[in-house]
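Pasting a structure below so you can have a look.
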Amino acid sequence: MSKLVKPFRLPPMPSLSELVKLYKLRAIRQLSQNFLLDKNINDKIIRSAGIKKDSFVFEIGPGPGGLTRSAIEAGAKEIVVVEKDLRFMPGLQLLADAVTPTVNMKIFNGDAMTFPMGQHINRAYEVPWESDELPNANLIGNLPFNISTPLLFKLLLKVSDRNSVFACGRVPMTFLFQQEFGERMICPPGFKERSRVGIMTQAYCDVNIDFLIPNTAFVPPPKVNAACVTMIPLKKPRLKTKFEIVSKVVQAIFQFKNKNWIVGANTLYPKKYPEFLTRFNELCKVDQNKLPTDLDMIEIDQICSSYAQILDVFPELENYDHRISPHL
Ligand code: SAM
């Protein structure tokens, strides 16, 4: 079992539950607020993330700051947090003041979906992408469940482009998701839970459910349990085609989950021009009798690269959307 180093002890501060009472922090449902006030669980998440001494940490949605405190205790030396709800600012500032100057904690009131993360990472932590070693930096968060999918896709795009936080290298991410969402992220071929979320995650990262957290651990408890998930960007993605094309193809083939994958893939091409599909069938040798959920990464890679080869010749096809132009 990994040892939790405690190089830093927090100075006396109000406990998390005192903070919640002090600032009257009643959870707002629209912001998916389910607080984790249990120090043992927050410490366990930080151990899973592998936060080490003198590290850089970027946290999404710190709320009252339970996970932030555990990250600091584990040795984070620089910590940037972005929180949408203004009510948490005084409590977070209290924490930042208490740990200065040992820890450099920067607090931003903003939306993680649009926040320019890349501007706030310190490039001194950079490790080359191809290195076996990972940067001493982590992205963490007990995420607002209502933005799980768009935020995950945004981060995966940044991984594929190696920009923003990932300009520093293969920065590991440890997030809490709803259990069912986490299970979809790790699902291999052959199961009904296999989905676009799993394919996209596995295309760019090694992904693992570290442990589950019962819903009763949160205040207020959400309806379902959570999963602590760690993603480590891959040196080479499992799907070689560019992100936007992969995303379009995977979305197309998974729109009819219970039909053979070719039924969804057909919608990538206008019916009026059957020669596209003919060419695709010549290029792509994947068994057309398979369900999308049964395709492995090698097969999906073949489907994406066959489509990409057609785009090389007819780039305007990338803008074709069968929902917008069904008559074509
Ligand atoms: N980390 C805290 C904890 O574990 O107790 C709070 C977790 S709570 C599930 C999600 C947090 O994300 C809330 O504090 C909420 O205000 C914040 N949040 C919601 N949407 C956000 C967004 N778009 N950008 C940044 N923070 C957001």
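Glycine residues also receive a Cβ, built from the backbone N, Cα and C atoms like all the rest.
The annotation S-adenosyl-L-methionine binding site is assigned in TrEMBL to Asn34, Leu36, Gly61, Glu83, Asp111, Asn142. According to TrEMBL, the domain 'Ribosomal RNA adenine methylase transferase N-terminal' annotation covers 41-235.
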Among all protein chains shown, how many Cβ atoms are found within 10 Å of the Cβ of Asp111 (S-adenosyl-L-methionine binding site), not counting that one?
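Its Cβ shell of radius 10 Å holds 11 other Cβ atoms.
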With a 10 Å radius around each C-beta, find which of these binding-site residues (Asn34, Asn142) has the fewest other C-beta atoms nearby.
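Checked Asn34, Asn142; of these binding-site residues, fewest Cβ neighbours within 10 Å: Asn34.
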Can you give me the same-chain residues 6 or more apart in sequence from Leu36 (S-adenosyl-L-methionine binding site) with a CB-CB distance under 8 Å?
Asn42, Gly66, Leu67, Asn142, Leu176, Ile213, Ala217, Phe218, Val219
